[in-house]
């Protein structure tokens, strides 16, 4: 069964709007109106963009801005220059594609990682790195969870600390000293500084919103940064 | 409002029975003279898109391989996981899907509008800017570590600027003929194209620049959520549906089943799809009202998709057997079925109790691959194969294209099934309270199968390129095949 010539014949007249369109001149006026290019551009393209941007962009933004102003605790500190550099490395290497940095207010998230994310914690992160996939664990409660040495060993060769890990190593962020030891470069130091910054403020201040406190009360005594969960 | 089923087009039936080309519905000859198709631009975007797909799929295969062999290509920055992931996602969007859409737009828009596109010169400017200024430059930047870590927007800001300009130029190129169309009424494919090209430039600007400069943290997540789904729902989906709505009547010779259902499907996409995005950040600090609206919009979206799919498949009424013979139509048909599956899956996954368990797992990755590799890619491939004989003077090698279809279908279904299983295993490991690494260990088999199924997809893409290089058809009995429409028009 040889049916090679699947497409229309170019020599013959081709698909045409007139015949392909089942609509006719007898259609009601509103149908003809909806099929005009100008209508689709204004109502469809511009209208739905403005509508969705206001409904699910501007309104949540206003609400969030108010919540950040209300709930930011005194303990909040902006990132230091080194932590900022670490954030840049974190973004550049796509860490957020395997590690989220927001704890959801669900029982299993709170039990495993600690207090749920609050909007004020992220107020100096451009662009946000919440993430949509967890191949590795959430990192937003990483502050104080483990030593700098552990982090350096883990970043240099993840399998040296977690044998079954599939995390990529970042050996190029380290160099070999004259005595043969491996020492972290500036980027690795900055990245570890950033990891230690994640969750530091909320661990000092505690949850600042009702949502956060409720989630914690539901699981009292089980949330301490999830230090033993990652290994 | 539904159009009564028309008389069966006996001409089309006879042509199929005689293995003759099934021409679509006829356009008045004088209109096609005024609306030349730029065959060279269709060919250039088709071939570049498929080659770009090979690159993007290679990046994806490297990413997948690293799940099973983390040290693979891991010694250098350029080959590291994160950068390959950036290159994969952006490559699929800009190198493959967009080139495919542009190819088909150059093929279909002049016919549907009866007008030429704005300018051939502009077409070639867009071609080079798109593939050098966005794709090649973007890949180079992200591999060297200059990226913007915004999901679906990983190319750096300098490339974003080029992209905005390119989107505007694409808008000028294709909206021009539609706005100049006599009487102004457009066919359903044209609605979708017009919508995508109007909505996207502004949505892109908001999605790329707000999180980077204006809205930090949680506020940026609101905007990023919108962009993730605006890119999928208001760029990729409408341009894909435009192809499906074109290829089916062009192959069967019969009009779309229901004009009314076309309208319901279109306007439900217009109003529900842009509201979906925040369902990526459920149980987050984003106001609960916004989360719930996004979830409800996702469910309504699913209902609209059922209407669209019903309308498209019902358009084959009495001609369904064509999908067995006609490989391009079969790609489109399969893509439509994937569209139904992926949309129902998405509506289900968006609901809160389901998200609580399975969000962040590989089931979501199954969803994204069913959408991009299944729905969008299958329909684009169908559209490009459908157009190819008319723009190249070469038939598509049916045997090779048929093989590509089966390899791609089996590869993709395997990938989606295994990622679903792995996603459920991961969700189970997380809720059980076992140490985190358990969720990695249980995934090992599934990740290996994912790499193998990805290899099958890659092989299918190679076969597709091969299928385009059948011998020229300008032998006796087929006058006019292979003649550039433009040249033919000029000499008339």
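Backbone N, Cα and C atoms are what each Cβ position is placed from, and that goes for glycine too.
It should be emphasised that the depicted structure is a prediction, and the values quoted were computed from it without experimental measurement.
What TrEMBL lists as domain 'Cytochrome oxidase subunit I profile' is B:229-424.
Through the fold, the transmembrane segment (B:47-67) approaches residues 73-74, 79, 81, 84-85, 87-88, 91-92, 94-100, 102-103, 127, 131, 135, 139, 377, 380, 384, 443, 447, 450-451, 454-455, 457-458, 461-462, 464-465, 468 of its own chain, all at least 6 residues removed from its boundaries and within a Cβ separation under 8 Å. Marked as transmembrane segment by TrEMBL: B:47-67 (among others).
Summarising the annotation, TrEMBL assigns transmembrane segment to B:87-109 (among others).
Annotation comment: TrEMBL describes B:121-146 (among others) as transmembrane segment. Sequence-distant contacts of the transmembrane segment (B:121-146) (same chain, at least 6 residues past either end, Cβ-Cβ under 8 Å): 38, 41, 44-45, 48, 52, 55, 77-78, 83, 86-87, 90-91, 94-95, 98-99, 102, 106, 154-156, 158-159, 162-163, 165-166, 169-170, 172-173.
The transmembrane segment feature in TrEMBL is assigned to B:158-179 (among others).
Annotation comment: TrEMBL describes B:191-211 (among others) as transmembrane segment. Sequence-remote contacts of a segment are chain residues at least 6 beyond its ends whose Cβ falls under 8 Å from one of its Cβ atoms, and for the transmembrane segment (B:191-211) they are 105, 109, 148, 150, 152-153, 157, 160, 163-164, 167-168, 170-171, 174-175, 178, 220-221, 223-224, 226-227, 230-231, 234-235, 238-239, 241-242, 245, 266, 269-270, 274.
Beyond its flanks by at least six residues, the transmembrane segment (B:231-248) meets 93, 97, 101, 104-105, 108, 112, 152, 187-190, 192-193, 195-196, 199-200, 203-204, 207, 256, 262, 269, 273-274, 276, 301, 308, 312, 315-316, 328-329, 332, 335-336, 339, 371-372, 375-376, 379-380, 382-383, 386 of its own chain at Cβ-Cβ distances under 8 Å. The transmembrane segment annotation in TrEMBL covers B:231-248 (among others).
Here TrEMBL flags B:255-273 (among others) as transmembrane segment. With a cut-off of 8 Å between Cβ atoms, the residues of this chain six or more beyond the transmembrane segment (B:255-273) that come close are 1-3, 5-6, 25, 188, 191-192, 195, 229, 233-234, 237-238, 245, 248-249, 297-298, 300-301, 303-305, 307-308, 310-312, 314-315, 317.
Residues or ranges marked as transmembrane segment in TrEMBL: B:293-315 (among others).
For B:327-348 (among others), the entry in TrEMBL reads transmembrane segment.
Marked as transmembrane segment by TrEMBL: B:368-391 (among others). For the transmembrane segment (B:368-391), the residues of the chain that approach it from at least six positions outside its boundaries are 21, 37, 39, 42-43, 46, 49-50, 53, 92, 96-97, 100-101, 103-104, 107-108, 232, 236-237, 240-241, 243-244, 246-247, 250-251, 327-336, 338-339, 341-342, 345-346, 401, 408, 412, 415-416, 419, 457, 464, 467-468, 473, 481, 485, judged by C-beta separation under 8 angstroms.
Positions annotated as transmembrane segment by TrEMBL: B:403-427 (among others).
Residues 46-47, 50-51, 53-54, 57-58, 60-61, 64-65, 67-68, 373, 381, 385, 388, 392, 394, 396-398, 400-401, 403-405, 407-408, 410-412, 414-415, 418-419, 422 of the same chain sit 6 or more residues outside the transmembrane segment (B:447-469) yet have a Cβ under 8 Å from a Cβ within it. Annotation source TrEMBL lists transmembrane segment at B:447-469 (among others).
Beyond the ends of the transmembrane segment (B:158-179), by six or more residues, the same chain brings 35, 94, 102, 105, 109-110, 113-119, 122-123, 125-126, 129-130, 133-134, 137-138, 141, 148, 186, 190, 193-194, 197-198, 200-201, 204-205, 208-209 to within a C-beta distance below 8 angstroms of the stretch. When pLDDT is averaged over the domain 'Cytochrome oxidase subunit I profile' (B:229-424), the result is 95.
Residues of the same chain lying 6 or more positions beyond the ends of the transmembrane segment (B:293-315) and with a Cβ under 8 Å from any Cβ of it are 225, 233, 241, 244-245, 248-249, 252, 254-258, 261-262, 264-265, 268-269, 272-273, 275-279, 282, 333, 336-337, 339-340, 343-344, 346-347, 350-352.
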